[in-house]
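Record features, source TrEMBL:
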DOMAIN    C:5-79  domain 'Glycine transporter'
DOMAIN    C:91-164  domain 'Glycine transporter'
TRANSMEM  C:6-23  transmembrane segment
TRANSMEM  C:30-50  transmembrane segment
TRANSMEM  C:62-78  transmembrane segment
TRANSMEM  C:90-110  transmembrane segment
TRANSMEM  C:116-136  transmembrane segment
TRANSMEM  C:148-167  transmembrane segment
TRANSMEM  C:173-194  transmembrane segment
Amino acid sequence: MFIQIIDILGTIAFAISGVLVALDKRMDAFGVLIIAFVTAVGGGTLRDVMIGIEPVSWMRDMTYVYVIIGSAFFAVLLRQKINYLRTSLFLFDTIGLGLYTVVGIETGLVAGLKPIICIALGTMTACFGGVIRDILCNEIPVIFRRKEIYATACILGGLSYFLLLKVMGDSNFVFILSGLIVIITRLLAVRFNLGLPSLYKKEE
Amino acid sequence: MFIQIIDILGTIAFAISGVLVALDKRMDAFGVLIIAFVTAVGGGTLRDVMIGIEPVSWMRDMTYVYVIIGSAFFAVLLRQKINYLRTSLFLFDTIGLGLYTVVGIETGLVAGLKPIICIALGTMTACFGGVIRDILCNEIPVIFRRKEIYATACILGGLSYFLLLKVMGDSNFVFILSGLIVIITRLLAVRFNLGLPSLYKKEE
Amino acid sequence: MFIQIIDILGTIAFAISGVLVALDKRMDAFGVLIIAFVTAVGGGTLRDVMIGIEPVSWMRDMTYVYVIIGSAFFAVLLRQKINYLRTSLFLFDTIGLGLYTVVGIETGLVAGLKPIICIALGTMTACFGGVIRDILCNEIPVIFRRKEIYATACILGGLSYFLLLKVMGDSNFVFILSGLIVIITRLLAVRFNLGLPSLYKKEE
């Protein structure tokens, strides 16, 4: 129950982040809805298709569809005021990031895949909705450009998951703790402005 | 038989629309062929992959492959004169839109999916070939930008499908009528220059 | 054994080509790794998803993952000197092209698909990693733009495969010979600067 509420909050945050990008690109109402949808379910869809879980998740559980349509509608209506909500949005997005990572990892485990693949699936679930959003908006995906800690937090959380699994055995704590590690890493990185080391001599 | 002829006309129209965009981008012969292919079968492929119908449709029925290669060849040969055909092309494209929508909906129904998901699949089948075409051509997909009634016609046709299904029961009329609703909506919208309401205060 | 070494060399070459493009775009470390990955396994992943071989190949055989991570690390470290290696890279890439084409064809045959579809799958396996790389980097895919012989070599090799299969029956020679035809076509085309005929009156 608790998990499901967090899941829905994450979906809302991702959907709204999609709406904001689409509005920046001056898309029409249909475009805004699709970008909201793709941002929220794109990562999980890619994961499901690659593993072979079909029909993909959002086709089987209608909650996502309703939540996304609702969020998009709400975000468009309040678009003038949504800037005041940016801090809450950032929090939702970070919570979604942590949760989606662990959901992706566990989906991989259920399919019998190796840990390193599961970590990749977790990161994909959390980050690739945003990647597809950026491709549809004709941008180089933001997570490939900024040296920000974003996908890195997912990878770190994924490593922790398997470490904790070894130490504690299969338990809900593993889920919660490794999700928290993603969230805390991300929060600390933004708070203290930490980033990946630059690969280039002189940044423009 | 009648349906199949319409299906092929739709495929031809979508393939040719791909060729025209690719030529505008000054692609080479291989690029033109791929863009024609992707525009014609991209939406259905995405649908099949997400539902889990694999190998995807165009790998099982060779008609599509031959029709697309033929159309691309023809369109490239007659590229100087194809502008005279733009009205017929628009008609084919609109007919294809209606037909692909209903085909997508029925594919979803056969897979046991809920009506709202089926409508999404119908819209995807009809519109996402063009979306993938635009991504490969490095453009923001045209259906997300113009306020034109295009995907909206598919959604309307999809809603009608399930309404008619309730009223009339399972019959070929449902197929034909809801396809016609897509087509007529699209024709009327273009004729009277109707569009989605703008989300922005002042359009540039 | 021999085949597997070539396969790994191809994977390395494709991964490094991804790193070079990502560095040109000034991506961060995570972006570079993802682009390397996608360039090396993107074509095969698309093929597997469309046929329905899931989980896709690189999730089942960890060799790819290790080889790609290693190559990306190596390429980033030596990025100042990698320009001296461009000729060897071109050779690896060409060998990979030949091998991936035949692997794609045979995957299609095992799935019971028709020859023309198998040729499309072979070409997709060899070329679409680069296509996805270019889309993520926000470019029109290079193989659609240059009039260079690249995908055309794969198609030629694919046609030879089925010709040889008819003449020689099922044997390893068919595999090796048609792979060689891809490689030699590509080498000759580059050496003598051959290209597809232009579709346009006056090239800019």
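Placement of Cβ uses the backbone N, Cα and C atoms for every residue, glycine included.
Per-class residue totals from DSSP over the domain 'Glycine transporter' (C:91-164), listed helix then strand then coil: 60 helix, 1 strand, 13 coil.
Here the transmembrane segment (C:30-50) does not touch the transmembrane segment (C:173-194). Their Cβ atoms form fewer than 3 pairs under 8 Å, with each pair 6 or more residues apart. By the Cβ criterion (distance under 8 Å, sequence gap of 6 or more), the transmembrane segment (C:62-78) is counted as touching the transmembrane segment (C:6-23), at least 3 such pairs being found.
The DSSP breakdown of the domain 'Glycine transporter' (C:5-79), given as helix, strand and coil counts, is 63 helix, 0 strand, 12 coil. In the predicted model, residues of the domain 'Glycine transporter' (C:5-79) average a pLDDT of 90.
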